[in-house]
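According to TrEMBL:
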DOMAIN    5-468  domain 'UvrD-like helicase ATP-binding'
BINDING   Ala26, Ala27, Ala28, Gly29, Ser30, Gly31, Lys32, Thr33  ATP binding site
DOMAIN    476-774  domain 'UvrD-like helicase C-terminal'
Amino acid sequence: MEALMEWTKPQKETIETRGKNILVSAAAGSGKTAVLIERITRLVIDEKTDIDRFLITTFTNAAAAEMKSRLEKAISKQMDEPGADRSFLRRQLSMMPRANISTFHTFALEVMRRYFYLTDLEPGFSIGDDVEVSIMKNDAAARLFEDRFGEDYDAFSLFLRKYSSDRSEERIKKNIISLYDEMRSIPQYMDWAERTSRLLDAKSPSEALGLTGFIADEVEKGVAEACRLYERAAQTLEEAGIDSLSEKAAQDVEKLTDMAERLGQKDAAAEKLELFNDFISTVKFNQMRAAKSQQEDYDQVKEQVSRLRKGGKKALDDLKKKYFARTMEDYDEELRAGYEDTMYLTGLLKEFEEIFREMKADRNMVDFDDVMHYAILILRDDMAADEYRKRFRYIFIDEFQDSNMLQEAIVGRITDGRNLFMVGDVKQSIYKFRLAEPEIFRRKYQLYARQSEENSVKIDLNSNFRSKLLVTETVNRVFSSAMEGYDENARLKCTVDEVHPGMATQCHIVDGSEAEDIRGDLDPEAQLVAELIRESLGNEIYDVKKGVARKVEYRDIVVLSRSRSAIGRMERFLNNEGIPAYGENTGGYFETVEVQVFVNLLRIIDNTRQDIPLISVMRSPVFDFHVRELAAVRIEKRDGSFYDAVRAFAEADHGGDEDAAALAAKIEEMFRQIACWKELKNTVTLEELTRILLYDTGYFDYCSGLPAGKRRISNLRLLVEKAGQFEQNSHSGLYGFISYIEAMKKNNISIGEAKVLGEGENVVRVMTVHKSKGLEFPIVILTGMGRMIRYRGAGTSTVMHKDLALGMPHVDLEGKWHRKTLLQRVIEAKKAEEELEEEIRILYVAMTRAMDQLLLTGTVKDPEKLEESGGKAGSFLEMIYAPMKEAGETIEIHRGGAGAVLQARQAVSDIHMADIFDRSRKERNEEAIQLIDERLSFIYPYEDAAGVKSKYSATEMSRAGLSERDRRITAADFMRPDFSVEKKQLTAAQAGTAMHLVMEKLDFRQALSLGKGYIRQVAEELHRDQRLSDEEMEAVDIDNIDAFFRQDVGRRAATAEVMYKEREFISSRRIKGAEVIVQGMIDCYFQEDDGLVLIDYKNTHADGEADEEETVRRYEGQMRIYAEALEEAGGKAVKEAYLYLFGLKKFIPVKIADQTKIFFK
C-alpha cells in the first residue's frame, strides 16, 4: 500500500474529509491501515494538532503497537520534507510513547485509574487474569448455593428441582455464570435483566418482548425458501419434458408465491402470523405421479425432485412446529407462568454478582469486564466526561465492526458529535464469542448512507491491493449468493497487475462415505492437503512487491481450519509426511509432557507423599531413575504407598548387594535434594523458585535438546511467568499455585502453548481462520469445509439475548416434563441466525487471506447432494459449490484416492503386527532376554566426552580458554538467587539486564536526535508496563545510555541503514570429540559498505588501562563467536567489534578472528 504513488478517490476522500463523523467500510486488502495513518499524519501536520490530542483505539495490543510504530515512521519521514517544521515534529515524536494509541480496554483502564475516586475502588487495584477470575466465579457460584440453602432452603430447593439435573447442581451453576458473562456486554445489565423479566407479566408477553415481529420475519424467510425449492423442482421437471407433472409443480409454486406476496402486503406482525397460520393449516400440495408414457423419464429425476419438494415442505413444517403448534394465547399464558421463576433467577444473578464483587474487593482486584463498566460509571459524571471531550480533538476507532454496546456508551460520552472516525468491515466481524456486535456497524452504515445525519458521512473502500484477479473473482462469485447485502459497494475490485492474475481456484472434495474406517491422524483430507502442498511447490508465482516471478516456498502456504482441535493433528500429519509445518496450539498447555513433569516436581516439593507425581519425577531426567530401579523398590515392599516403599528401600540394610546399596544412596540423594528445595521455597519468591528449579535440575537444558526443543523451553518459561503473575495477585505460595493449576484443569480453562515461530522460517503455517485475520499469504488452503454448521441450542438451560430477555423452559414437576417456551425458541432461532451469519463472515475472512491462489478442501459423505444445495448455507462446501460450478471453476471429487493409500498402509501395518503375534511366546522371551543382556553389558565408547555438556552458552565457550583462576573469578557473573543476598539489592548482572532491556526497546535514531528525555520516557514506559521493577528502574543510568549515542560508534549505529539488536544464534563445535551446541545473543550489530560492526554491552566497571585489557581478554572469545555467527549468517565480514562499558561510558575495540561454525535459528 505504501508503494502506491496515488490514492484512489475514496481513499483520498477518507484522508481529506473534515468536520464530520466518518464511517469507512474498508473491504479486505483495501489499504485501511495506510489510509488511517495518512489521515492522522495529515491532521497532525496540516492542523498542527499534537498527537496527544488524539484517541486512537484498535482491537489488540499488537495492532496498537504496530499502529504506533507506523505513525512514528510516518512523522519521522515528514522531517525530511522541504519546509518541514522540524521542531514541531520532534515534539510529536517525543510525545509518541505516551500517545493514546491502545485497545479500547486500555483506554477504559486509564479512565479508571485517573478517576478511581468516583468509584468504590481503592487505589492500586490490580486486574485479575482470566484464569484466576474464572476460578473465582466458580467459587462465587458455590458460595451462592451454600448461602441460599442456608437462608432460603424451600424456595431454592424447588427452583433446583425444576431447573437442575437430578445428578448434579453443576449444570445450573455453569448456566448462572454463562448468563452473567453474557449479560455484562450490556450497560447497566442488572437493570436490563429486571426490566425485561417484568415484561413476562404483561397482558401479551409475546408482543411486549417483540417475539411476534421476529416470528413474522422468520415466516417470510421460510416461505421464500420453500418457494425457491419448489420452483427448482418445477424447473427440473420442465427441463426433463415431463409436462404432466411440471404443470402441477408450477401450481404449487403459484400457491407459495401468492402467500409470499400477501405476507408482504401486511404491516402488522400479528396479521402476518394469522395469515400464515391459516395457510399452513389448509394448504395441500399436488401429488407427483407421472403418466405411464412419461414414467421412465420421471424415474431419472424423481429422487432429485422429491428431495427438493421435501426440503420446501420441511421449511414450512419447521415453522409450524416451532411457532404454530399452539395458539399465541397459549404461548403467552405459558410465558406469564414463568414470570416468578425468571424474577427468582434475576435475584440469584444479583446475589452472585454481590458475592463475586466482594471476593474481588478482598483482593483489591477487578476483572476484564469491570474495566468497561467502571469507565461508563465514571463518564456519567459530567466533569469527567467534559475533561475527555476537551482533551481529545479527534477519536479514531479501528476494527469498528467488533464494537459492542459498552464501547458505544463510552464513545457517546466523550465525542463532541463530529470528531469520530470509525473504520472496519462488517463482513469480517468474527468475534461473536467475545460479544462483538456487528449490528452496530450495520445500523450506523445504513443511517449514514441515508444521509439522515448532517454531520456524518459513510465511505466505501473496496479496491483490493492484496489478492490477484482469479482470487477476487471467486470471492465475489461466492459471496454474491452467500452473504446478504453483498452489493456493488461490497464487491472486491482487483487493482493488482492483471498481467499476473494468479492461479485458478480449486475445490477438492473427499468422498467420506467410507472414511469411518480411517483412524486417528490417518485422515484422507489431510493426505490430500499434503499432496496439494507438494504440487504447489512446483508452481511459480509473481511477487508483486519484489516485481519478480519465483517458485513457491513452504512459507508461502498457510493451511486454515475453522476448528481449533484440527490444528495439532494437521501439523503432526504434515511433519510426519516430511513437510515442515508449524501450528500454534491454543489449548492443551498443561497436557504437554515438559509442563506435566515440572508441575509434578512442584507437587512433590510441596508434598512428597504423592505417588503419581513422585514416580513421574523419579522417571524423568530430573532424577533419572530407570524403570528397573522403580520395580526393585516396589518388589521390596509390595504393600502401602509407593512413597513408603521408596523410604523403606532407602533405610533398609542391603548387606553386600552393591547394586541395591547404590540405589538406596541414589534415593537418599533425591530426598536430600527435595529437602533443600523445600527449604528454598520458604526463602525465595515463587517465580524465583520455579526459575532456580529449571536450571538447577538441568531440566531446561534437557528439554531444549529434544525435538521441538524451542517450543518446550518456551512452555517452561511461560510456566515461570504464570507463577510470577499468580504471586502478584495472591499470597498463597506454592500450594496455592498448584491448586490454581488444578482448578484450571478442572474447569477446562485452556492456555495456549508458547509462541516460538520466527516470521522468516520456511515452514507451512497451520492456523485457525481467527488467527489468520489481518494476515495474507500467497497460497491459502482452507480445510474442513464439509463440516456442517449447526447451532446446538441450550437444551433445558436458560438462554438470553440482549434484544429480548432471559428465556427459561416451562417445567411441570407433577407431570415430570418440560418444554421450550416461545421466548426460548425465538432466542435460539435468533442466535442460530447470528451464528450462521458469523460462519459466512468467517468463510469470507478465510478466502480473502489469499494473494495468488485459493485451494479449498472438504469431506462429505454424499458429494452428489451438493448439486442440490443451491448455495444453502449448511456447510462451507454448500456455500461455494453452486457458484463455483456455474462459473466452470475446478471442482474435483476424490473417491478412494488418498483414503485408499492410507488404508493400504494400515493393512501393511496390520500384517506386520499379526506376524509378530503369531510367533511363540518362548521365541519372543528369548529375544527379549538377549536384548536386555546386550543393553546391560554395553560399554560407552565416548567416555572422554562424558563430562561434556550437550549445550553451552557463548559465555561458557569463551571461558574454555581461561585459567581455573579466571573461571573462578568470572563465576561471579552468574545471577544469584535473592535469598543469598540482601533482599531487593540488585547484582551487577541484574542491573546490566535492565540496561540491556532499555537498549533493546530504544529507537536508536530517536535516541540520537532526542537525547535523554526520550531515553527516560522509554525506561518509564517499561517500568509502567512492569517490564522493569522499581529496583531495576533505579539501576537504569540514563546518562550512561545517552553517552553511547554521543560517540562515533554509537552515532554510526543510530544512523545505519541496516541495524539489528538482540539477535539470537546457535553454533556447533567439537569438544573432546563430541559435537556440542553453543547458543548466544548478540546485543547489536550494523552494516556499513565495507562490512559489519559488532557491539556488546557490558555493565562492567574497569579502572585504568590494565583493567580494560583484562576486560577485553575476558570477553574476546565470546566476541569472536559472535563475529563468526554474523559472517556465517550473512556472508559479510565483521570489520570492527567493540565492548561498550556503561560504567566508563566508553567503547573498547576488540580484535576478532574466525573460530567456529555457526548458523542462525
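Cβ atoms here come from the backbone N, Cα and C positions, even for glycine.
Apart from Ala26, Ala27, Ala28, Gly29, Ser30, Gly31, Lys32, Thr33, the residues listed for ATP, the same chain places the Cβ atoms of Asp425, Leu461, Asn464, Phe465, Arg466 within 8 Å of the centroid of those Cβ atoms. Secondary structure at Thr33 (ATP binding site), taken from DSSP and collapsed to helix, strand or coil, is helix.
Averaged over the domain 'UvrD-like helicase C-terminal' (476-774), the predicted model has a pLDDT of 85. Long-range neighbours of Ala26 (ATP binding site) (same chain, six or more residues apart, CB within less than 8 Å of its CB): Lys32, Val35, Val423, Gly424, Asp425, Leu461. Around the Cβ of Gly29 (ATP binding site), the same chain contributes Asn464, Phe465, Arg466, Ser467, Leu492, Glu776, Thr848, each under 8 angstroms and 6 or more positions distant in sequence.
Ala26 (ATP binding site) carries a strand DSSP state (E or B). Each of the binding-site residues Ser30, Thr33 was assessed for Cβ neighbours inside 10 Å, and the highest tally belongs to Ser30.
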